[in-house]
Structure formats: C-alpha cells, structure tokens
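So that you can see what the record holds, here are the features copied from TrEMBL:
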type	residues	note
BINDING	A:Cys8, A:Cys22, A:Cys25, A:Cys31	[4Fe-4S] cluster 1 binding site
DOMAIN	A:54-210	domain 'AAA+ ATPase'
BINDING	A:Gly62, A:Lys63, A:Gly64, A:Gly65, A:Val66, A:Gly67, A:Lys68, A:Ser69	ATP binding site
BINDING	A:Cys235, A:Cys238	[4Fe-4S] cluster 2 binding site
Amino acid sequence: MEEVPHDCPGVSSAQAGRGASCQGCPNQGLCASGAAAAPDPAIEEIKEKMKTVKHKILVLSGKGGVGKSTFSAHLAHGLAEDENTQVALLDIDICGPSIPKIMGLEGEQVHQSGSGWSPVFLEDNLGVMSVGFLLSSPDDAVIWRGPKKNGMIKQFLRDVDWGEVDYLIVDTPPGTSDEHLSAVQYLAAAHIDGAVIITTPQEVSLQDVRKEINFCHKVKLPIIGVVENMSGFTCPKCQKESQIFLPTTGGAEVMCRDLKVPLLGKVPLDPRIGKSCDKGESFFAEAPDSPATLAYRSIIQRIQESCSLRQPKGENLVGS
Amino acid sequence: MEAAAEPGNLAGVRHIILVLSGKGGVGKSTISTELALALRHAGKKVGILDVDLCGPSIPRMLRVQGKAVHQCDSGWVPVFVDQEQSISLMSVGFLLEKPDEAVVWRGPKKNALIKQFVSDVAWGQLDYLVVDTPPGTSDEHMAVVDALRPYSPLGALVVTTPQAVSVGDVRRELTFCKKVGLRVIGVVENMSGFVCPHCEGRRRGAGQTRWSPLPGLCAPGP
C-alpha cells in the first residue's frame, strides 16, 4: 500500500529528494531535480474541467461528527428538488466516506467511459462520487498516507465526468490537513464560491472551528457562512427543549460575531435526521414539517443567494 | 521499518491504550479524558498523549489550555493537570502561539511531530498512557502505531455511536487494527440513549438503529 517512504520530507521541502529517507523512493530523482516543486499541471487541467461547473462549495469543519456529511447530502437534496438544477456531490473524506450510505447508494460502482469516470446518479440531476464506490467491501479500510489521498482527490476533480453542473458540493473530512489543502490547491484556478462551515454549539467544537476559519483566511478561501447544527433538542414526549451540546461560550452566534463571519442558521437536533441518514433517505421527505427541515431550507436559500452574488462575470454560465 | 526497542521515554510506562474511531465526533477525546480521570480515581498514574494535531481537544477538557511545555534533560516535560501530578498531558495545543492557530500540515510533518511526542516526552513512571487520536485511518494512526510498536501497547479502545453511519466507519477502523496488528480491547458505544431532563423520558441515541454485534468481538455484556 505504501508508495512513499515513512519519513518523506514532503515534495516541496528543501530536503525533497535529498533526505536519508529518500533513498530508494521511486520519486527521488523527480524531487531532487526540483520538478516536483513546480506547479502541478493538474491545476490547469482541473480549471478546464471545472468550466462546466457554475458554483463550487466546500463543506468544512475543524471538528468531527458535527454533521458535515449530513449537511452536504441535504444541501444536495435541497438544491436538486428543482429538476432544472444540476447538482454534483463529491465526497473527499477518503478514510471515512459516509456519503454513499447517507445518499442510499451503498454498493454502487463507478464506471469508466471515454470521457472519464461516471459519477453515480441518484436522480437525473444529482450525481455523487466517493471513494466508498471504489471499495470492494464496506469494511475495507483505506489506510493511506497524505500523498496517496492527494492523488485520489486530484483524480476526482480531474477525471470525473460531471457534465454541466450548477452546484458542486465538496464534503470534506474533519481537520485542516492534506485533503483540505489539496482541494483548495487543485481548485485554486477554478474559482471556489466559498466554504460552509459546520459546528455544534459547544466550545470544544467551536475551538476547532475557529482554527478552520483561520485556515480559510490563510488559503484565501471565502467563507459563505457558519451553520450551527444539533442546536437544541425538542423532547417528543414533553415537547420541552433541552440543550444537549451546551453553548457554554455563546455558541456559534457569539463566535460569528467575534470573527465577523455570517451565521447562516441553526439546525435543531431531530433524531429522525440520523435515522434518515442510516436509511439513506432524504430527511426532507421523512419529516417535511420538522423545525430542522425548515432551518435547512432557510440555510440552503441563503447559500444560493450568496452564490448568485459571487457569480463570476464572463464565464460560460449554465442553467438558471 | 521499526524502531529498535531500546529504553526511551516510554520505558517507565506500564500499559499503553489507544483510543480510536473511524468516525469523528463520537467521543474519543471525552472518553480518553474520562478514562484517565477514572484511572486516577483508582489510584493510578496516568499520561495522556493527544495526537489529534488539527483538533486538539484534551487541554480544554482538563482545563489546562494555554499552559506551556518546558524542556528538561530527558526531553519535553508533559503538562501536569493536578498538584499531585497524577495526570500528565502532551498535546500540540500547548505548542501553538495562539489558541485559534490552525495546524495546516500535510502528512509527513504530522508524522514527524508524533514521533517526537513518543520519543522526546519525558513521561517518567506511568501506570497507563492513554493515546487520543483523530478520526480516520491515516498518517497520524500509522505514525503512532509504528512509534509505539516497540513498547507493545495493550491495545485499542474503539468508540462508536449507535448509528449505522458511525458503525460503518468503525468497522473500517477494526480492519485497520487487524492490518497493523493492534489488539482491540473492546468497543464503546457512546451517546447510547438520552434521558430528557424535563420529563425523564428515555430515548435511544440519535439514529436508533440497532446494529448487529461485531462477530468475535462484541458478545453482549452482563
């Protein structure tokens, strides 16, 4: 499984190709010549590919388990309800690909065609890609180091034949590491509309999310806004509200005010959401009147408004 | 390529437990912290190694965020969370200039720091070292398993929540453990039900999906 040495100094480091651990690596010559530190030609190839994709949204969080994949899936469902809107959902969580299960597409396979990899279509206007579709068994672990994960992400962006797309939603793993750097790097020339950052109300989550916001600033990724998920729980028995994840430091509202980023909305914790995800069904269909559904719909509308404001001039525009 | 099993800074550590999960947000850090506190309560000396470099949660959970790490002759001195020095902690959180600073590192740099955390921290005599990990099966996990291998870790505690989406990732984590030769001590199902504080009505946890016991591993408890 390993293609790079354990102690690889990194292809753009000053030690690239020269370190003791580089001996025997198949890329040693490339790194030592400095060619590996040159701009990746894939960036231009991806820019070309992305010309048929109108809006690109990254769904991020420093914190795990806050609902990124759940949100990405329902953003896709919500946007695709308009059959004239072409939606693409790309799952770059290589180690923990949840999207196939949440979209009810577990076990589906990806096909190759002359124009590249075909995404798996849930609806005519909703295509999905994930490393989950490339595994032979759902229990297969993807035990890859950074460079191999980066290679997969490059392939997903360059080699998947998305066709004409209005919205490309990129679901990411938690953190600020290889996957995030690669996504931003490879999409650098292709104009990302921005990031939607997911959090829960607790400070343990917010402290990671502040880092994610700083990451966005560092890599010059615009922030569309923050979504506070699992924000309050209504007991179905007594209808009273409790806070399961207490906002001891004021929750996302205070954080957004302090860091001057928009708060797109708060989604309450509805146990039916988790159930829908496990069954691979849209929560909107399961519970159309839930306060969580209403919150999601309002947030999706705000995201659409933000994307239409950022519409680049002079590019080949698709659809609505 | 394994490190030679020479006495190092983990020479005085009796048992090493890794806390893993394929899934994020299931409670690894919370459980690592509670495990350390429970072991202390049982009179043990405990160290916690937080190798979640992008999202280091443990300093805040033990109320030692903002503390600094010092050097001694045998390496870095871990931060003690109490006067009695019964729990010590090492985390990248202590090495950041500002708490909101993002650690935006690719794999090789993360691997290098994790190796240092294992070899250059003067843990001293410990009954248990609890190793908290980020979600996934990637650089951090491979680096810490490789670095700890000469010290024969007791094994891994794998944490999940009841939902199938979480269990799916955890099955992959169990595959990882098998592949790297790490014994699984057991699985913890966290957030397993909720008692409403108003009416005391009990609900199963979010998702409510019963999952079949993992063969050979999760026989129903007493």
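Note that Cβ sites are derived from N, Cα and C of the backbone, with glycine treated the same way.
Note that TrEMBL annotation is computational and uncurated.
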A correct count of other C-beta atoms within 10 Å of the C-beta of A:Gly62 (ATP binding site) gives 28
DSSP, reduced to three states, assigns A:Lys68 (ATP binding site) to helix
Comparing the Cα of A:Val66 (ATP binding site) with the Cα atoms of the binding-site residues A:Cys22, A:Cys31, A:Cys235, A:Cys238, the shortest distance belongs to A:Cys235
Students should find that the Cα atoms of A:Cys25 ([4Fe-4S] cluster 1 binding site) and A:Gly62 (ATP binding site) sit apart, in Å rounded to an integer, by 33
Of A:Cys25, A:Gly62, A:Lys63, A:Gly64, A:Val66, the binding-site residues whose C-beta sits under 8 angstroms from some chain B C-beta are A:Gly62, A:Lys63, A:Gly64, A:Val66
Expressed in Å to no decimal places, the gap between the Cα atoms of A:Gly65 (ATP binding site) and A:Cys22 ([4Fe-4S] cluster 1 binding site) is 37
Same chain, |i - j| six or more, Cβ under 8 Å of A:Cys235 ([4Fe-4S] cluster 2 binding site); the result in sequence order is A:Glu241, A:Ser242
In all the protein chains shown, the tally of other Cβ atoms within 10 Å of the Cβ of A:Gly67 (ATP binding site) is 25
Reduced DSSP state (H/G/I helix, E/B strand, rest coil) at A:Cys31 ([4Fe-4S] cluster 1 binding site) is helix
The answer, for which of the binding-site residues A:Gly64, A:Gly65 has its Cβ ringed by the most other Cβ atoms inside 10 Å, is A:Gly64
Among the binding-site residues A:Cys22, A:Cys25, A:Cys31, A:Val66, A:Cys238, the one whose Cβ has the most other Cβ atoms within 10 Å is A:Val66
Among A:Cys22, A:Cys31, A:Cys238, i.e. the binding-site residues, the one with its Cα nearest that of A:Ser69 (ATP binding site) is A:Cys238
Model confidence over the domain 'AAA+ ATPase' (A:54-210), as mean pLDDT, sits at 93
